[in-house]
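Undergrad: Annotation source Swiss-Prot lists topological domain 'Cytoplasmic' at 2-15, 67-83, 164-179, 239-299, 353-414. The transmembrane segment feature in Swiss-Prot is assigned to 16-36, 46-66, 84-104, 143-163, 180-200, 218-238, 300-320, 332-352; the stated evidence is sequence analysis. According to Swiss-Prot, the topological domain 'Periplasmic' annotation covers 37-45, 105-142, 201-217, 321-331, on the basis of sequence analysis.
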Amino acid sequence: MTTQHSPGLFRRLAHGSLVKQILAGLILGILLAWISKPAAEAVGLLGTLFVGALKAVAPILVLMLVMASIANHQHGQKTNIRPILFLYLLGTFSAALAAVIFSFAFPSTLHLSSSADDISPPSGIVEVMRGLVMSMVSNPIDALLKGNYIGILVWAIGLGFALRHGNETTKNLVNDMSNAVTFMVKLVIHFAPIGIFGLVSSTLATTGFSTLWGYAQLLVVLVGCMLLVALVVNPLLVWWKIRRNPFPLVLLCLRESGVYAFFTRSSAANIPVNMALCEKLNLDRDTYSVSIPLGATINMAGAAITITVLTLAAVNTLGIPVDLPTALLLSVVASLCACGASGVAGGSLLLIPLACNMFGISNDIAMQVVAVGFIIGVLQDSCETALNSSTDVLFTAAACQAEDDRLANSALRN
């Protein structure tokens, strides 16, 4: 007589959902960092390899997907890029506005004693926009090597339109190459639990969170504002678009995109994850192959919050009065700066001096604010990236679902 044994914990995890495997990796990473710091630092290599693999595959994935979708686009077939772009810009401005309200409700101050003399921020918003435009005319090989997604998008779109006039064999080859790269991406994503395990272990072992307690209130305002945008503002925008309960979609995007982005701390590395989620949601490939890399470049709600909150914290510290029109102008400036954050080395933090300049704050003090940003960066950057990246796929899904509903209603009326 044979007896049936219930599958063990390891077997259940191995054959369970990827989210459960990531949660297991997270818990094991925390335990290892608590038990042995040297061992935790050593397994950090696993996290570095995982993030490196995602960053390596993301540029070629964007190039091939966008090129294939445009080359094989059928005449008359509609994409939803325009409404998604509008949602990106509206979401970023709404986040900056929420950050202003949050900062007025819970004013924070800083200990401006750190220095950051070795960092060179852009001198003005014109320089930020110039860098963004110049990245469009980058050499394609250089764009792929450096992960310049604006340049990659421009070349992919141009080549895609050119290949529309090619023969079917060429189009099929491009499509097959796109599928091959997608397969490689899925392979890399399967190693996410191991990567998260390494990232969490090394972060807790090398950095810890003791330095963050000195900036507890500032972090509460920053993270609280990001949670407000993720769980209140974004759902309102999605409801406005799809006219039904937005929370199943919002929570799905936070769980399956935001969790990855929180630990990788890279919107570029999360592009393959978002692409896979869009495929899982059965969204239009012609749309998401363009909107996801575009969102990783310009959809920066988290960056807008960081710029606004830290700037107003500096303003409060120096006792500078701020009226309502100035606060609204700061929201606009923070939104524009956030959209250009991908074109600046150091991202949102190095755009803080631009916003500080509005209030006549000297560059020396502004750079001390940037230094504070780097101190709290362990948590701030993780939350910012999670919000930015999950919003890319959220707004893409909302626009695609709204278009599907419109077509279905139109078919019923006819």
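Every residue, even glycine, has its Cβ placed from backbone N, Cα and C.
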Undergrad: Among the recorded stretches 46-66, 180-200, 300-320, which has the greatest number of Cβ pairs closer than 8 Å to the transmembrane segment (84-104)?
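TA: If we count Cβ pairs closer than 8 Å to the transmembrane segment (84-104), 300-320 scores highest.
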Undergrad: Given the cut-off of 8 Å on Cβ pairs that are 6 or more apart in sequence, determine whether the transmembrane segment (16-36) and the transmembrane segment (143-163) share at least 3 such pairs.
TA: no
Undergrad: Quick check on the topological domain 'Periplasmic' (321-331): DSSP residue counts for helix, strand, coil, in that order please.
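TA: When I sort the residues of the topological domain 'Periplasmic' (321-331) into the three classes, I find 8 helix, 0 strand, 3 coil.
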Undergrad: Given the model, what does the mean pLDDT over the topological domain 'Cytoplasmic' (239-299) come out as?
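TA: In the predicted model, the topological domain 'Cytoplasmic' (239-299) has a mean pLDDT of 90.
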Undergrad: Which sequence positions outside the topological domain 'Periplasmic' (37-45), separated from its termini by at least 6 residues, show Cβ-Cβ distances below 8 Å to it?
TA: 29, 197-199, 201-206
Undergrad: Would you mind splitting the topological domain 'Cytoplasmic' (353-414) into helix, strand and coil residue counts from DSSP?
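TA: Going by DSSP assignments, the topological domain 'Cytoplasmic' (353-414) contains 55 helix, 0 strand, 7 coil.
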Undergrad: Six or more residues beyond either end and a Cβ under 8 Å away: which residues meet both conditions relative to the topological domain 'Cytoplasmic' (164-179)?
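TA: That would be 64-65, 67-73.
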